[in-house]
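Beneath this line is the structure, given in structure tokens, with notes to follow.
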Amino acid sequence: MTEKKIVSETLYDGYAQSFEVSELLFEFRTEHQHLEIVETPFMGRVMLLDGIVQTTEKDEFIYHEMMVHLPLFAHPNPRRVLIIGGGDGGILREVLRHKNVEHVTQVEIDQSVIDMCKTYFPKHSDGAFDDPRANIVIGDGKDFVANCQDTFDVIISDSTDPIGPGEVLFTSDFYADEKTCLNPGGIMVAQNGVPFMQGQEVTNTHRRLSKLYQDASFYVAPVPTYIGGFMTLAWATDDASLRQQTPADIAPRIAAAGFATRYYNADIHVAAFALPNYVRALLS
Ligand code: SAM
């Protein structure tokens, strides 16, 4: 009987998820991080950066739909979008499904992630990197927003966790520079961890964003391979009415967009902003 090969995530001391691995497809230490791509019988292909699960073929739709369609349908007329991180291409793919989006700039620090995800996760980007509306910048998101000449209606920060190259994307300086890239009435959303496991990240982000925006809060999405319960996605805008929209406001925009989703819908859009008391208690 051949021994099963198991890969365990190394994000938390004393608690982990493990994957049976049928094949190690790629492994390389880039100039920024350790990149692994494995084939698993249960979740399909899985990418890890510095031992932390970034995306899987089986559950990526939940995260990418919630990070993209909630802000883009909340915004009355999103034309220009900035993506920070997102090297696997899933965010870019979903943004480009919105035909009213005219331009997307994506700032990704690691070219290797884009290259390897094009090869091993072709459905994630699904040709998005070649879309004429997409402008791909290889660089640090921190530097980009600090020197930003363009402005955007929606900014989506799809970074790794605040360790390694992603750490700078959770600082007050970054958030302040990032806001200079946002048009009036714009929306910023960001991956902000799993509150049951990383509650301090919610407190820190809320404190920092509340100093910059009229409305700073979170919405939730249950991504199975971001373990420990649902994850919180940071939300910030100076137009507080955008978080108060009803399914009746959102549903017509979804219908007009003319594409199907597997997780996101108008009721989920509104319900996602409802935070349980233990998460409310984390808000500074
Ligand atoms: N969905 C994942 C999550 O929630 O953890 C994130 C996936 S995506 C692969 C994360 C991307 O952020 C990676 O491609 C990584 O290279 C990129 N990244 C990390 N730090 C960055 C920085 N400072 N500037 C731009 N991209 C960065």
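Backbone N, Cα and C atoms are what each Cβ position is placed from, and that goes for glycine too.
Record check: TrEMBL places Glu108, Asp140, Gly141, Pro165 at the S-methyl-5'-thioadenosine site, and the matching candidate among Gln33, Gln54, Gln200, Gln214 is Gln33. For the spermidine site, TrEMBL lists His64, Asp158, Ser159, Thr160, Asp161; matching the candidates Asp88, Asp130, Asp131, Asp177 against that entry yields Asp88. Asp158 (active site, proton acceptor) sits 9 Å from His64 (spermidine binding site), taking the C-alpha atoms as the reference points.
Each residue contributes its Cα atom, and for Glu108 (S-methyl-5'-thioadenosine binding site) and His64 (spermidine binding site) these two points are 16 Å apart. Cβ atoms within 8 Å of the centroid of the Cβ atoms of Gln33, Glu108, Asp140, Gly141, Pro165 (the S-methyl-5'-thioadenosine site) belong to the same-chain residues His32, Gly85, Val107, Ile109, Asp110, Gly139, Ser159, Thr160, Gly166, Leu169, site residues excluded.
Proximity to ligand 1 (Cβ under 6 Å from any of its atoms) holds for these binding-site residues out of His64, Asp88, Asp140, Gly141, Thr160: Asp88, Asp140, Gly141, Thr160.
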